Ligand SMILES: Nc1ncnc2c1ncn2[C@@H]1O[C@H](COP(=O)(O)OP(=O)(O)OP(=O)(O)O)[C@@H](O)[C@H]1O
């Protein structure tokens, strides 16, 4: 019997039937092999063509006119990209096929007809093969259709309830150039459809289950051959405005987000060549997911960055405690940073300016200087570093006022002109004088974001400028978190610090290039000059690294529930003209103030239209694991529905408890459990612990090989393993206000097996089940 209960061969005996099924399978595989051979032949022709174009272009370099060179560059680029793609996608790039009924309407919203069909027509009218890349035969007939093309949509959208024109959907598995299997879904068993006069064969149990059961490695795979309908609707949703996607753990949010990036590029390559940014919560999730897009044939235009690596040249490498994180992430920091930047200007500012001009000593005292500073800043929001020229000008004005304080005001036009000329000469003279220049450097220094952040190391100073934005206790926590920074702000940073630095960058602006001081012959003699030479000016230019792209055409945010208001602001600054895809699950949020984050998101999206989708099926966890996680979900986010698990394995999670309070006893138990699980699954095994037990857990996995990993609770975000040990669940739940939601994340990482390992604090019952999970 086939997957859909239809006989494939006469049921004379079980052995005969098995042989007949196998014969049918081989026949179908052979058919697909023929098609794949044709496709490869065609690909080889294309490859040869691309190589020829490259060679031809190389020859043109001899011609040497600028036009020929530009043409050559363009050809080389196109051919090189083409070759690259062809070479990359030779592996497993043909994966699907649909057999379609006759269409009675050409298309709907660009997607081939889903409208009623002729119920009497049982013939397959058209067979389409689907792959990672479109391939046309020599007559421009489609040999393979790109999975992102509208014609491929029915492969993903058809269901037995709404089959559209699809009679049979087939997933083809191949290794290199060899077809090794086919898996079919018959969508209209009622029709007994035929192809070339023969009844349509149906092989296997469908591809989805086969792919879900496979062992996991440390990199995510694409799901291009088994995207489900509700996922496809997100992937192909219109690009405009913001597409907001929620769904529980394992519903494919990350996978869908990445496939959407590939889809958008396919659909409008010119627009999205402007860059797609994917923001991921952790570097671990970045390295887990970054292979997916190249496997889909898309590289270059998509930048996947962790939220702590969004600012070029800075890599977050430390973690904040939950208490500190909630202060640093809060929108209150905007106000605090504004004051901090102002205060940093004044931190080491001299309180008197003294210059000699027009034969007398001119002074500006602290009061005058304060007034000038206020005037420079004014009420506008100009970045402080950009105000330096204005500071210079207003200081000169104040000095001039001092210089002419005893002179009568000119009364006639001639007198005013004369005064003006004197003023210009005065400005020119004073502004080249070393005391003035030194004063300006100290009074209005060019500030860097790191330097300003470091000024908050001092709790007293922080408290002084905080003025009701943060409490004294919060000021103390902030200061403590930056204690290790030096004056210039050098030292390790956290992901939350990166958002603060980005905000400071906005408040400060790029410092202006320092004015090259006039060469003084005497200085030259004594060697005490501050002249910049051509050599060091050009060295400075050479040092300048290419700046990151700061505007994107589309921004995809993964695990959006974890972003703080300050992080939303940082991402928003890179997306002023962008369209958005935002995926997340509020029930997994480690940020304690969802309303504040929502307000920041609303501000960033402004009036952009929003389109909402919900994903409902859990493809990762078997039902047995999902059931345990649901208990924590009920506590963490009461009323939130659990996504329904698509499969069950019959293997219930294991509960184990260690009564001995000694850490070594717990460690030994955790290690033993990891060893056991490594023996039971083929792929990866992870132990997840509270953040402050990470170092301990790293010891537990020593020597277990690279299939085993140890993770702090916040690091587990978005990742998945064949098996996981969740150790010290009460410790995880107690880590922060959002602890229960973090525990929910930890419990939903396994694709096959889960062990919950309790210590004495978990108050496990006689079956080892901790109090939290009863
Ligand atoms: N249509 C599908 N076919 C095959 N596998 C799928 C499909 N959809 C999702 N998966 C698999 O399910 C797992 C979970 O997907 P993914 O990590 O994208 O979920 P998620 O919603 O982002 O989860 P979380 O919220 O826990 O981070 C992955 O292994 C993914 O490959």
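Heads up, the Cβ atoms here are built off N, Cα and C, so glycines get one too.
Remember, TrEMBL labels are computer predictions, not curated facts.
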### Query
If you check TrEMBL, which stretch out of 1-22, 23-44 is marked region 'Disordered'?
1-22
### Message
Tell me which of the binding-site residues 251, 254 sits in the most Cβ-dense spot, judged by other Cβ atoms within 10 Å.
### Response
251
### Query
Which of these binding-site residues has the least crowded Cβ, counting other Cβ atoms within 10 Å: 247, 248, 249, 250, 252?
247
### Summary
Same-chain residues at least 6 positions away from residue 253 (ATP binding site) with a Cβ under 8 Å from its Cβ, in sequence order, are 245, 247, 558, 583, 584, 585, 615
### Query
For ATP, what surrounds 247, 248, 249, 250, 251, 252, 253, 254 with a Cβ no more than 8 Å from their Cβ centroid?
585, 615, 618, 619, 620, 643
